[in-house]
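> Let me give you the structure first, and then I'll get to my questions.
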């Protein structure tokens with residue numbers, strides 16, 4: 001059958017259409033990448049670790065062997081940094097990895113789009129890595145299998161992986177673009193996730209919220225805001241606040257209401273409706289993510305937010321007041337800056353898609369970890385502990401701590417010796433190196449320069465190793481402290497020229513190792529400087545055992561940027577107990593740099609005034625000076641209120657020995673000194689008085705029993721007394737005759753030592769009926785008077801010792817011991833009076849037979865010389881049965 005002439009053109013057209021439709025499929029199959037094993041819909045965000053890294057990774061849309069990176073942000077890294085392929089995020093995995101792309105990362109990327117081609121199977125981990133410093137800036141996991149090989153849960157997990165730093169939208173808030181708002185709306189769930197991000201210090205807060213929709217114009221009053229920030233321990237928080245007044249929060253007393261910028265939960269029926277999701281400090285930038293309901297159904301303190309409505313919002317940044325004894329919450333202070341820089345308003349519709357944040361935030365100060373400034377004569381205590389917030393991930397499990405701070409940034413001065421007390425364990429050998437990674441026992445880095453330390457610089461708490469390093473003019477500006485045996489345990493050392501250590505002769509670290517005190521003495525004045533390592537709004541040092549009844553010097557930098565130092569007398573724990581003084585302080589300086597406050601002043605040792613409270617503020621260089629410190633968020637020199645109270649203080653006073661250039665902590669009674677005190681009590685409170693009482697009241701014993709008791713008790717007391725002196729001298733590392741207690745103790749010691757010497761040279765006793773010689777009479781007087789004087793001086797030494805311990809360790813620690821000693825002495829006096837009364841009655845009954853009262857031992861039989869080892873009888877004093885009397889009347893009568 002002949003073909004239909006119309007069918008052939010139609011069939012040819014249909015075949016042509018089928019061929020055209022099949023061409024994309026064939027092309028896609030031909031262009032698919034044989035090395036790609038990711039699901040087609042895979043998309044994951046980079047996890048930020050350093051350098052403000054952000055971005056989204058997915059397969060190239062055209063099926064080529066390439067990864068697409070969109071919305072890519074990164075602060076410029078070192079020339080060696082690259083995209084890196086590795087099997088995992090550990091130090092060993094990254095060190096064994098390879099460069100994934102030759103693209104250098106030594107430039108800043110701002111919302112960039114990149115394509116990263118690859119010619120081999122994708123790695124398990126794609127990181128941005130610097131092999132020179134072993135630094136991981138961030139990474140993303142790539143599932144190394146096809147979607148068909150994944151179970152349902154894994155497929156759902158890897159399909160879209162969101163990092164906590166990534167959001168759908170972003171707008172800058174401040175005019176300087178240092179404060180940003182990021183958000184992702186989930187209208188179906190009735191929530192919005194918000195990210196607050198600002199290049200500010202860790203002591204600052206970030207506030208954002210909605211204004212009162214009923215107000216005629218945007219205002220802070222009745223606004224519903226969230227205040228986010230970081231605690232002093234570095235923990236992020238996000239808290240609901242309600243603004244009822246343009247003041248800092250006043251919690252109110254009795255019937256007065258709560259007012260100011262206060263957390264919702266301090267109001268009646270208020271609660272925190274914001275849920276913290278995540279927060280971190282990276283490169284000097286604060287970031288906090290939280291979620292809140294669009295409508296929390298709290299009509300009193302929260303503003304309902306419309307998902308599609310344009311509403312007025314407000315924002316602010318400023319100093320954050322830490323909690324104190326009066327307030328248990330972190331409270332924002334006045335933002336203290338101009339509009340659109342420190343606070344502002346704008347109109348916002350959450351449903352609109354907007355991304356106006358071009359590039360990463362770049363803080364002026366990126367070194368955000370703890371700082372320690374090394375000082376002359378002040379050892380830096382080096383220990384090791386688990387890593388918590390190590391500044392250069394990835395990190396080992398254990399890292400170096402200096403003065404209880406994890407891997408701090410250490411700052412030293414050229415020409416000033418740096419002392420390390422290494423107590424990190426025998427597996428951590430400290431050394432100062434040019435290698436940023438350290439642990440170079442395998443000579444991985446053959447160009448490494450070692451400036452101090454080495455394999456012998458290790459120790460433990462019981463036997464610390466002292467390492468002294470002297471940076472000189474040839475030391476580079478940046479070196480590193482590390483462990484010789486393991487990599488990346490330490491961090492950076494900044495080497496600078498000159499500082500407080502060169503200007504002052506002495507320095508000590510005060511309690512809790514957060515404040516350093518410097519001083520130099522002259523003939524009639526003292527120059528003092530103090531530096532706080534903890535970020536705060538003001539620093540105060542006080543001379544006294546605590547805040548109350550102390551003289552304080554407070555330093556702060558006002559809103560005008562001018563540093564101030566003022567002196568105060570404090571006699572109470574409230575603002576009413578803080579009294580400004582007109583003390584004569586000169587050469588005053590105060591500055592705040594990187595959150596570290598330093599102030600200096602000079603004052604006379606003895607104020608040249610009378611009648612004023614500051615006239616009693618006398619510094620005696622020969623007496624230990626008790627020093628305490630306090631810090632808080634802000635200080636006002638003119639209008640003091642309870643809001644000026646401190647947020648952190650020293651745990652106890654430090655006794656600064658001005659002349660010796662050293663210090664010791666106020667603490668409980670040291671065990672060795674407790675042994676010293678107990679020995680002295682046994683000697684002067686029991687044995688020596690007991691020996692005298694034996695000679696006085698035990699004459700009725702047969703033979704020479706009383707004499708043996710007398711001698712043995714005296715010798716035992718003197719021996720224990722000498723041991724007690726040795727214990728105290730060893731504990732205090734010297735013998736200093738400066739206090740009243742030591743002076744009385746030395747006198748008592750001399751009088752006690754005089755007794756055995758006196759007994760060694762005593763004259764012979766006269767025979768019956770013979771008149772005693774003057775030597776014998778003088779010896780009797782000297783022996784009795786010096787012996788009893790020694791007891792009196794010894795008891796006084798015991799009480800002055802209690803007073804000395806009270807001055808050293810605070811009075812309440814030894815008050816009970818002092819009362820016990822007083823009761824013991826009174827008890828001994830009562831016993832002596834009772835025995836003396838009985839002795840007097842006995843003598844009165846025997847007066848006719850015994851004649852006049854006799855000085856000394858009226859029934860003494862000292863024929864046996866107990867000072868001699870064999871106790872042989874003295875030939876000049878044979879045993880007699882008569883009674884010898886020493887008459888006090890003139891012998892020529």
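Cβ atoms here come from the backbone N, Cα and C positions, even for glycine.
Features from TrEMBL:
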type     : residues : note
COMPBIAS : 873-882  : compositional bias 'Polar residues'
DOMAIN   : 40-143   : domain 'DM13'
DOMAIN   : 177-318  : domain 'DOMON'
DOMAIN   : 513-632  : domain 'DOMON'
DOMAIN   : 640-842  : domain 'Cytochrome b561'
REGION   : 864-893  : region 'Disordered'
SIGNAL   : 1-22     : signal peptide
TRANSMEM : 673-697  : transmembrane segment
TRANSMEM : 709-729  : transmembrane segment
TRANSMEM : 735-757  : transmembrane segment
TRANSMEM : 778-799  : transmembrane segment
TRANSMEM : 819-837  : transmembrane segment
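So that I understand the layout, could you describe where these features sit and how close they are to other parts?
For the domain 'DM13' (40-143), residue counts in helix, strand and coil come to 5 helix, 49 strand, 50 coil, using DSSP.
Secondary structure of the domain 'DOMON' (177-318) per DSSP, as helix, strand and coil residue counts: 3 helix, 71 strand, 68 coil.
In the predicted model, the domain 'Cytochrome b561' (640-842) has a mean pLDDT of 78.
Sequence-distant neighbours of the transmembrane segment (673-697) (same chain, 6+ residues past either end, Cβ-Cβ under 8 Å): 706-707, 709-714, 716-718, 720-721, 723-725, 727-728, 731, 745, 748, 752, 787-788, 790-791, 794-795, 797-798, 801, 805, 817, 821, 824-825, 828, 832, 835, 839, 857.
Beyond its flanks by at least six residues, the transmembrane segment (735-757) meets 622, 680, 684, 688, 714-715, 717-718, 721, 725, 729, 783, 786-787, 789-790, 793-794, 796-797, 800-801, 803-804, 867 of its own chain at Cβ-Cβ distances under 8 Å.
Counting residues 6+ beyond its ends, the transmembrane segment (778-799) has Cβ neighbours under 8 Å at 680-681, 683-685, 688-689, 692, 741, 744-745, 747-748, 751-752, 754-755, 758-759, 761-763, 818, 821, 825, 855-856, 886 in the same chain.
Same-chain residues lying 6 or more positions outside the transmembrane segment (819-837) and placing a CB less than 8 Å from one of its CB atoms are 681, 685, 689, 693, 696-697, 795, 798-799, 802.
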> Going through 177-318, 513-632, 640-842 one by one, which has the most CB pairs that fall under 8 Å from the domain 'DM13' (40-143)?
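Comparing 177-318, 513-632, 640-842 against the domain 'DM13' (40-143), the winner is 177-318.
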> Looking only at the domain 'DOMON' (513-632), what are its DSSP counts of helix, strand and coil residues?
8 helix, 65 strand, 47 coil
> In terms of Cβ proximity under 8 Å, which residues at least six beyond the ends of the transmembrane segment (709-729) contact it?
672-673, 675-677, 679-680, 682-684, 686-688, 690-692, 694-695, 698, 735, 745, 749, 752-753, 755-756, 759, 866-867
